[in-house]
Amino acid sequence: MGNMRSLVKTLMVVLFLGWILVWIMISTNLFKSKWTPKLSKYLNTTYFGPQGTNLVLLTVPMMFIAVLSCVYLHIQKKPTQPQREWKLKRIMGRVIMVMNPLGIVTATELTFSLLFVALLAWSLYNYLYLSYHVHLHNDDNAKIWQAKFRAFGLRIGYVGNICWAFLFFPVTRASTILPLVGLTSESSIKYHIWLGHVSNFCFLVHTVVFLIYWAMINKLMETFAWNPTYVPNLAGTIAMVIGIAMWVTSLPSFRRKKFEIFFYTHHLYGLYIVFYVIHVGDSWFCMILPNIFLFFIDRYLRFLQSTKRSRLVSARILPSDNLELTFSKTPGLHYTPTSILFLHVPSISKIQWHPFTITSSSNLEKDTLSVVIRRQGSWTQKLYTHLSSSIDSLEVSTEGPYGPNSFDVSRHNSLILVSGGSGITPFISVIRELISQSQNKSTKLPDVLLVCSFKHYHDLAFLDLIFPLDMSASDISRLNLRIEAYITREDKKPETTDDHRLLQTKWFKPQPLDSPISPVLGPNNFLWLGVVILSSFVMFLLLIGIVTRYYIYPVDHNTGSIYNFSYRGLWDMFLGSACIFISSSVVFLWRKKQNKEGDKEFKNQVQSVEFQTPTSSPGSWFHGHERELESVPYQSIVQATSVHFGSKPNLKKILLEAEGSEDVGVMVCGPRKMRHEVAKICSSGLAKNLHFEAISFNW
């Protein structure tokens, strides 16, 4: 198995290096004058037409990397990283700088960012060199400086297209590409944002330059021209208008204040892609096709998963007015700590989906999955109101879980978890995973220090969620956990506690259409996902070959100047979408049929379960004095916790005191200021053994 893994990895590296080499060379005069004529002779066949070269050089390698990555990740389900690889990962994951607006930048991020910027600068330089010194396009008989001005606008649009070749990789939730470099879709959203800013800037400059150029030569109406055999300018204008709307509403100042406008506007991306492809044509579309193709496979599979209703078992309303929802799941569904689950409640919004942190462990809780929801914003407020009312069921759809492909919580000698407010939720799943690993006596567990900050005393109810209710003393006896809790806005413990602050649990009636959350194509079924990617892409190649050879070629004869320019791009989009729809649907339905027996067994179990009425349980030990003292989970929490009032944690002191240990893992989740403070401490010269990792809820 190790040899197979090495072989697959080598093939992926070779394909990727070749793909990058093409991107480096494609802007050069050597590629344009020497390579292109030879490549076109063999690759621009009657079956693929003018798009053949880009299809073979820039689409095929990345699609096969995606297929091979499915095989690689399937082999690596239980990873055993060599010590050399692990040391390299630590070095490349070290924080290099902490600064706004980039945030926390690691060595890996800085390296790849500099290389990507170098690629953009290299490409722009070579494109301009071609225009200014080799062949200056001047069909309008404009002045030389005007023609050069136009060339600059055209070439910077080409640079924006390079950004689009990577734009959708970070937001493909069940991506098989991101795990290869240790990333998840949630942690990669910032790269999507950076690429979006750069590409929109390039396209805006491209548009403005052409508007000025056309105004200078008295052809401003070219903005609305739609040439049937050449680039349709109107399509580009429409795409730019949509792009500006998406860009403006995605800016942090706008997005955080008016999230729903941002959310709905961002769903115009489909329309943006359509007009963009019509504008640039099929050949240029093939340059960016892999990330769009993989994104839409992921998007359609997510849609298929979301059509099922998930079985909501119970809801706990915490004294802090936050919620814990528990769903039923099949034992075969596995996920890693710090994973997230997307929720959709049709009675609140027909189209909105929101991500929430999973607090359970799939190795500890085989049949249930829990998420914690902070009451913040209109959607969560409506959900809280629904659950607080006298309902006995709630229709919920889920999507996910999504998280790291691997997460070895016991890889460090000691572990420091720093959280602020609801940032504690990812660490609940980490601690529960450690409890699961503690059942294996041969596993060495790290010492765990949880440093958590809350605004108010009642927020300590989050600590009630750390241990499952059915834990015994033997289950947690090997876990060395210490909790330092800080209450920043209160100087002492409140003398009285209102009744409404008690922890309440509500149980829901099972409904006939409810199903447990089950594995879908992706992290739990990499090979089946590989089948979808391979079959849909091969089908696309076959269909585009048939259409080109027997429908387009008899009209155009590979001249590129007779058959409608826009139709070529539309054919690519239509056939690609059809292949994704057919292949994904067939494989998904096949997998659904295989899981049908498990669903039947689940429904039989559900029908035999007696419905429990809503209860106001004794509540948190912080608030409900009626809590039974012999309750093992809460007794353990009390013994492990020290509460500090009216102060914030001295993170520098805490972290540097622990730095003397041989290997200390530091994870932080909370406000930006807290994350940046911890990152600066871990990256300072005083801390050599602190290995930093951040989790963020906002972007």
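Cβ coordinates are placed from backbone N, Cα and C, and glycine is handled just like the others.
Positions annotated as heme binding site by Swiss-Prot: HIS192, HIS206, HIS266, HIS279. Taken from Swiss-Prot, the feature FAD binding site covers HIS354, PRO355, PHE356, THR357, and the record attributes it to sequence analysis. The NAD(+) binding site annotation in Swiss-Prot covers GLY400, PRO401, TYR402, GLY403. What Swiss-Prot lists as domain 'Ferric oxidoreductase' is 157-275. Among the features that Swiss-Prot reports, domain 'FAD-binding FR-type' is placed at 305-408, with the record citing sequence analysis. Per Swiss-Prot, topological domain 'Cytoplasmic' is recorded for 1-9, 74-101, 215-264, 333-525, 591-699. Here Swiss-Prot flags 30-54, 126-190, 290-311, 549-568 as topological domain 'Lumenal', drawing on sequence analysis. What Swiss-Prot lists as transmembrane segment is 10-29, 55-73, 102-125, 191-214, 265-289, 312-332, 526-548, 569-590.
Positions of the features from Swiss-Prot, shown on the structure.
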residue	record	Cβ within 10 Å
HIS192	heme binding site	19
HIS206	heme binding site	22
HIS266	heme binding site	15
HIS279	heme binding site	23
PRO355	FAD binding site	18
PHE356	FAD binding site	22
THR357	FAD binding site	27
PRO401	NAD(+) binding site	27
TYR402	NAD(+) binding site	22
GLY403	NAD(+) binding site	23
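The binding-site residues under consideration are HIS354, GLY400. Their Cβ neighbour counts within 10 Å are lowest for HIS354. In sequence order, the binding-site residues near GLY403 (NAD(+) binding site) (Cα within 10 Å of its Cα) amount to none of HIS192, HIS206, HIS266, HIS354, PHE356. For the recorded site, HIS266 (heme binding site), the DSSP three-state label reads helix.
Across 10-29, 191-214, 312-332, 569-590, the stretch most heavily in contact with the transmembrane segment (526-548), judged by Cβ pairs under 8 Å, is 569-590. Tertiary proximity for the topological domain 'Lumenal' (30-54) is limited to same-chain residues at least six positions away from its ends with a CB under 8 Å from its CB atoms, namely 130, 134, 282-287, 544-546, 548-549, 552-553, 556, 558, 560, 568, 572.
When the alpha carbons of HIS354 (FAD binding site) and GLY400 (NAD(+) binding site) are compared, the span between them is 11 angstrom. Here the transmembrane segment (55-73) lies next to the transmembrane segment (10-29) in space: the count of CB pairs under 8 Å, restricted to residues six or more apart, reaches at least 3. In space, PRO355 is the closest of the binding-site residues PRO355, PHE356, THR357, PRO401 to HIS206 (heme binding site), judged by Cα positions. Beyond the ends of the topological domain 'Lumenal' (549-568), by six or more residues, the same chain brings 44, 46-47, 49-51, 226-232, 235, 278, 281-282 to within a C-beta distance below 8 angstroms of the stretch. Confidence annotation: the topological domain 'Cytoplasmic' (1-9) carries a mean pLDDT of 83 in the model. Secondary structure of the topological domain 'Lumenal' (126-190), assigned with DSSP and counted as helix (H, G, I), strand (E, B) and coil, comes to 39 helix, 0 strand, 26 coil. Take the Cα of HIS266 (heme binding site) and measure to each of the binding-site residues PRO355, PHE356, GLY400, PRO401: the nearest one is PRO355. Looking at TYR402 (NAD(+) binding site) and PHE356 (FAD binding site), their Cα atoms lie 10 Å from each other. The separation of PRO401 (NAD(+) binding site) from PHE356 (FAD binding site), Cα to Cα, is 10 Å.
DSSP assigns HIS206 (heme binding site) to a helix.
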